[in-house]
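**Q** Following this message is one structure expressed as structure tokens.
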């Protein structure tokens with residue numbers, strides 16, 4: 001896959017590809033090992049034909065990636081969208097999942113074609129300052145996601161124990177379960193992937209059960225799913241749509257998927273093998289995200305049926321008249337619309353459909369939190385290794401990430417109430433949306449570079465679609481910031497927001513600039529940024545082939 005693209009020299013410097021050696025030789029495992037220490041062989045089959053054996057060999061990375069579409073942040077976003085808008089935002093969920101699939105397709109393609117993940121490519125192409133800032137934003141996204149997993153798991157333990165396990169106790173339990181997953185990882189890659197498949201199955205069965213007992217109106221559901229409209233919607237519904245996009249398309253997941261696909265042995269000296277790997281990974285990702293979409297649909301439909309336009313007084317009466325009457329006081333006795341969260345959601349399901357519905361909901365929520373734990377650990381490890389060439393053991397990495405996530409969460413759990421914890425979950429969903437450009441812009445940049453991707457670079461249609469995604473995300477984020485400013489508690493906060501906004505816009509502008517260079521705006525390419533047109537300078541090519 002080596003070779004120059006474009007002019008062989010530019011300003012006296014030779015540019016070219018960074019592709020690693022094409023032979024699928026296993027890499028040396030770093031201290032403590034990683035998911036990529038084991039390579040899955042691909043069976044030989046007749047060329048040009050579809051093979052279920054090959055699809056099975058490629059199956060795994062897409063399902064691990066899809067777990068980010070099912071974490072507790074997504075579950076909370078789903079139930080709130082159902083409670084606020086009924087079935088009206090189902091089409092947003094559908095198209096957000098489709099857009100997520102398009103982004104993940106680019107991530108998988110980058111990993112397959114170059115043999116490097118997005119973090120490694122960023123390390124080679126971006127200068128030091130933007131590279132470090134980019135790394136920090138993705139680490140922030142990972143910690144934010146981990147906090148959501150901690151919150152979801154703690155609430156699940158509280159529901160399963162009927163409140164006997166306090167929220168802070170559930171938060172601390174998540175430390176123990178994380179190291180259980182690290183222990184499980186020692187049993188091999190395929191067993192780990194199978195275990196995550198088992199957790200996804202639990203979510204499908206538990207949330208599917210809630211869907212069956214709730215019996216949503218199918219006609220209204222199909223209308224909300226396929227008719228892109230929202231009659232009678234206002235700012236609450238629009239902000240909820242923003243939350244759906246932020247929860248579904250998560251920035252660190254793009255970095256994660258580009259690394260996960262490297263676990264399969266693909267002979268990158270053969271274009272046919274690369275093309276075949278891209279096809280099978282796309283099929284697998286489509287299947288995985290279809291499953292995740294159905295699970296999210298179950299949750300949104302259940303709460304669209306059970307909670308839409310429900311008042312606090314009505315929820316109180318329902319619980320007071322049920323076998324779970326002890327939970328009734330969590331709903332204020334007023335006529336305001338219920339501000340539902342993942343805790344109240346489980347309670348009202350139990351009040352409406354019996355205690356089994358509450359416990360089954362809690363099991364599904366627990367599976368969502370647990371399944372997200374390990375993928376977040378891997379994402380953090382891959383991002384750190386890619387951006388910084390700093391290799392830590394999984395133990396050290398998970399200790400750092402989980403410590404950053406647990407400290408603020410346990411403080412909230414001890415000194416504040418459940419509503420503050422759920423409110424933090426909502427804020428973290430918005431944070432993911434705000435940080436999304438720092439994943440989508442780099443993946444669009446590098447997959448559009450012929451010098452890097454050669455014949456597998458984005459075509460015109462792909463560039464238009466992914467660029468439209470980026471414009472949509474930026475517009476949504478701008479709308480959120482404008483809507484959020486009036487809610488700041490004190491004018492002094494405006495200066496802090498202005499400072500953060502300046503840094504945010506500065507980094508985003510730089511990433512847009514480099515992205516435009518790869519889209520054909522050659523006049524923007526100066527000095528060291530010629531590499532975004534022609535590839536790495538000759539002196540950096542060998543470093544690019546041997547790094548990682």
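Heads up, the Cβ atoms here are built off N, Cα and C, so glycines get one too.
Straight from Swiss-Prot, here's the annotation block:
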- 1-55: topological domain 'Cytoplasmic' (TOPO_DOM)
- 1-38: region 'Disordered' (REGION)
- 56-73: transmembrane segment (TRANSMEM)
- 74-82: topological domain 'Extracellular' (TOPO_DOM)
- 83-102: transmembrane segment (TRANSMEM)
- 103-139: topological domain 'Cytoplasmic' (TOPO_DOM)
- 140-160: transmembrane segment (TRANSMEM)
- 161-164: topological domain 'Extracellular' (TOPO_DOM)
- 165-184: transmembrane segment (TRANSMEM)
- 185-193: topological domain 'Cytoplasmic' (TOPO_DOM)
- 194-214: transmembrane segment (TRANSMEM)
- 215-237: topological domain 'Extracellular' (TOPO_DOM)
- 238-256: transmembrane segment (TRANSMEM)
- 285-304: transmembrane segment (TRANSMEM)
- 305-346: topological domain 'Extracellular' (TOPO_DOM)
- 335: N-linked glycosylation site (CARBOHYD)
- 347-366: transmembrane segment (TRANSMEM)
- 367-397: topological domain 'Cytoplasmic' (TOPO_DOM)
- 398-415: transmembrane segment (TRANSMEM)
- 416-426: topological domain 'Extracellular' (TOPO_DOM)
- 427-447: transmembrane segment (TRANSMEM)
- 448-463: topological domain 'Cytoplasmic' (TOPO_DOM)
- 464-485: transmembrane segment (TRANSMEM)
- 486-493: topological domain 'Extracellular' (TOPO_DOM)
- 494-513: transmembrane segment (TRANSMEM)
- 514-548: topological domain 'Cytoplasmic' (TOPO_DOM)
**Q** Can you name the far-off residues of the same chain, 6+ from the ends of the transmembrane segment (427-447), with a Cβ under 8 Å from a Cβ of it?
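**A** For the transmembrane segment (427-447), the far contacts come to 73, 76-77, 103, 106-107, 109-110, 118, 121-122, 125, 134, 137-138, 140-141, 144-145, 147-148, 242-243, 245-247, 249-255, 258, 453, 457-458, 462-463, 466-467, 469-470, 473-474, 476-477, 480, 504, 507-508, 511-512, 514-515, 518, 532.
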**Q** Quick one: find which recorded stretch in 56-73, 140-160, 194-214, 285-304 has the most Cβ pairs under 8 Å with the transmembrane segment (238-256).
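**A** Result: 56-73.
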**Q** Near the transmembrane segment (165-184), which same-chain residues lie under 8 Å Cβ to Cβ, leaving out any that are not at least 6 residues past its ends?
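**A** Cβ under 8 Å, 6 or more out: 149-151, 153-158, 191-192, 195, 369-370, 373-374, 377, 394-395, 398, 402, 406, 409-410, 413-414, 418, 421.
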**Q** Please give the sequence-distant neighbours of the topological domain 'Cytoplasmic' (367-397): residues at least 6 beyond its ends with Cβ less than 8 Å from one of its Cβ atoms.
**A** 30-35, 64-65, 67-68, 70-72, 74-75, 116-123, 131-132, 134-135, 138-139, 142, 145-146, 148-150, 152-153, 156, 174, 177-179, 181-182, 185, 192, 196, 199-200, 202-203, 206, 252-253, 255-256, 259-260, 547-548
**Q** When DSSP states are grouped into helix, strand and coil, how many residues of the topological domain 'Extracellular' (74-82) land in each?
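**A** DSSP composition of the topological domain 'Extracellular' (74-82): 9 helix, 0 strand, 0 coil.
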**Q** Under 8 Å Cβ to Cβ from residue 335 (N-linked glycosylation site), same chain, six or more residues apart: give me those in sequence order, or none if nothing qualifies.
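**A** Once residues fewer than 6 apart are set aside, residue 335 (N-linked glycosylation site) is near 311, 312, 313.
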**Q** Honestly, do the transmembrane segment (285-304) and the transmembrane segment (56-73) touch, with at least three Cβ pairs under 8 Å and pairs 6 or more apart in sequence?
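**A** In contact, yes.
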**Q** When you scan the chain for residues with a C-beta under 8 Å from the transmembrane segment (347-366), skipping those not six or more beyond its ends, what do you find?
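**A** Those are 72, 75, 152-153, 155-157, 159-160, 202-203, 206-207, 209-210, 213-214, 302, 306-307, 310, 315, 318-319, 322-324, 327-328, 330, 338, 340, in sequence order.
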**Q** As a test: from 56-73, 194-214, 398-415, 494-513, pick the stretch that has the greatest number of Cβ pairs under 8 Å with the transmembrane segment (140-160).
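**A** Ranking 56-73, 194-214, 398-415, 494-513 by Cβ pairs under 8 Å to the transmembrane segment (140-160) puts 398-415 first.
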